[in-house]
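S.K.: One structure is given below, represented as structure tokens, and several questions about it will come after.
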Amino acid sequence: MLNLPTALPTALIAQVSRLLGDRDGDHADGRFLFLRGAMDFSARIAGVALVLVWTLILVRLLGPEDYGRYVYVLSITFFVSLVGGLGLPTVSSYYVARYRRTARRTRLRAFLLLATGVTIVGPLLGTVAIWLWVTLAGGTAFQPFDLAAVLAFSVGAALVQLYTLTNRALERTTVAAYGEQVLQRVLAFACIGVPVYLGVTATPNLALYGNVIGALGAAAVMATAAFRRVGRGAITTVAARRCVSLSPRWMRRAVTMMVTPVFFLVLSETDILMLGAFATPAAVGIYHVARRISGFMTFFYTAVVAVGLHRFVGAHMEQDVARLRTLVRGMGLLGLIPAVGLWLVFLLFGPWLLGIFGPEMAAGYTVLMIIATTFLLEMAMGPATELLMMTGHERPVSRINMVFAVVNVGLNAALVPPFGMEGAAVASALAILPWKVTLMVVAWRTLGVATVAFPLPASWTQPAASRP
């Protein structure tokens, strides 16, 4: 006789375990995206809570001026770490998913070793070059900071990106999410919290050391998890030669795909860099807090796209256009619905939310709403970039990104000096929205996939060439 009290929990556990496993062969993409997206979202919620507390504490301890200096150096270092990795962290999503799917573990291990080496050496060299250039030019941006801290953070930030994307492609999304979003923030809290508790005066340099410990610690944990997933095994001489011959191909694709994350960084950091050059450190701090709060809107969208990114590869390899449409629509809707609710919260309670960080932060309300509206409209147009990148269309994406990166820099240069924070927010919006429309049109014409999150007439979901 069936024991229902025992059988039901067992069946439920089996079903959840099956859904959380590798579903590439079963096309249950909606449930996969929802469950994995919810797990990633929980990590991001915890992470953003830690970031907001971290931001609140630093603003209170350092004041707007020193906090602005700290944010300015972080922006420079992030940019150097991304460019120094030569795109290998980004391309890891493609090659790790591909080699895992085809069971080529030797190539996978070789690729990860190459990517790790380049991701360490590149940011080190780039940071030294930027440090020397700024110092010799008489700049003061790096004066409150130790060179060792800046170097270590550039490497740690690059490694976190590499092994976050690697673990996601290996279906270890929980490790990736909690390593990136939670672990490095907890370690950073410990690094700055203990000295302050013992009576050490908080400085921008101490805050940067907190980021260093957090990034390097999280990267070490995620790297260990990735190599354990890949498994051990010796690389034979023949396999080593084959991997060496593949290295130029890996690097070419990596450099091509690097344009997209560099473009995103240009979109997200040009405003900070321009404000640092043409405005006061306090304006940088206020703008950064407003942007940090508005970033809440993108978290579930980013989580869903991140956990489903490698599935674009599988659907494209199978030439399953219907599955691509399902994935895109699911990602768009799951990300857009929470974003609308948060936009309304910002509209009604934005000044109060900003005031938590200090009375001077309420001046960023207009900036908050401009950035939040930009995010909302961009998410409504769906994951066009990710779809094109994961289906072999990285070259047109790179060209489009380069054009709009230049547009973004030009708009910021034109609008930041006369209009300050509001000019920076408007400049970013005027670059982001036309860029996303362009990519959406390219995805529709090349793949027959309309990436918008809301329903469209059936005739609009086919490329122009296939219409009667």
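Backbone N, Cα and C define each Cβ position, glycine as well.
The structure displayed is predicted, hence computed values, not measured ones.
As annotated in TrEMBL:
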- 41-63: transmembrane segment (TRANSMEM)
- 69-96: transmembrane segment (TRANSMEM)
- 108-135: transmembrane segment (TRANSMEM)
- 147-170: transmembrane segment (TRANSMEM)
- 182-200: transmembrane segment (TRANSMEM)
- 206-227: transmembrane segment (TRANSMEM)
- 262-287: transmembrane segment (TRANSMEM)
- 293-313: transmembrane segment (TRANSMEM)
- 333-356: transmembrane segment (TRANSMEM)
- 362-380: transmembrane segment (TRANSMEM)
- 400-419: transmembrane segment (TRANSMEM)
S.K.: May I ask you to check whether the transmembrane segment (41-63) and the transmembrane segment (362-380) make contact, with contact taken as at least three Cβ pairs under 8 Å and only pairs 6 or more apart in sequence counted?
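M.R.: Counting Cβ pairs under 8 Å, fewer than 3, so no.
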S.K.: Apart from its near flanks, which chain residues at least 6 from the ends of the transmembrane segment (333-356) lie with a Cβ under 8 angstroms of it?
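M.R.: Result: 33-34, 37, 56, 289-290, 293-294, 296-302, 304-305, 362, 364-365, 368-369, 372-373, 375-376, 379-380, 453-454.
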S.K.: Near the transmembrane segment (182-200), which residues from the same chain, at least 6 beyond its ends, have a CB less than 8 A from one of its CBs?
M.R.: 43, 46-47, 50-51, 53-54, 61, 160, 206-207, 209-215, 217-218, 221
S.K.: Are there three or more C-beta pairs under 8 angstroms joining the transmembrane segment (206-227) and the transmembrane segment (69-96), sequence spacing 6 or more?
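M.R.: In contact, yes.
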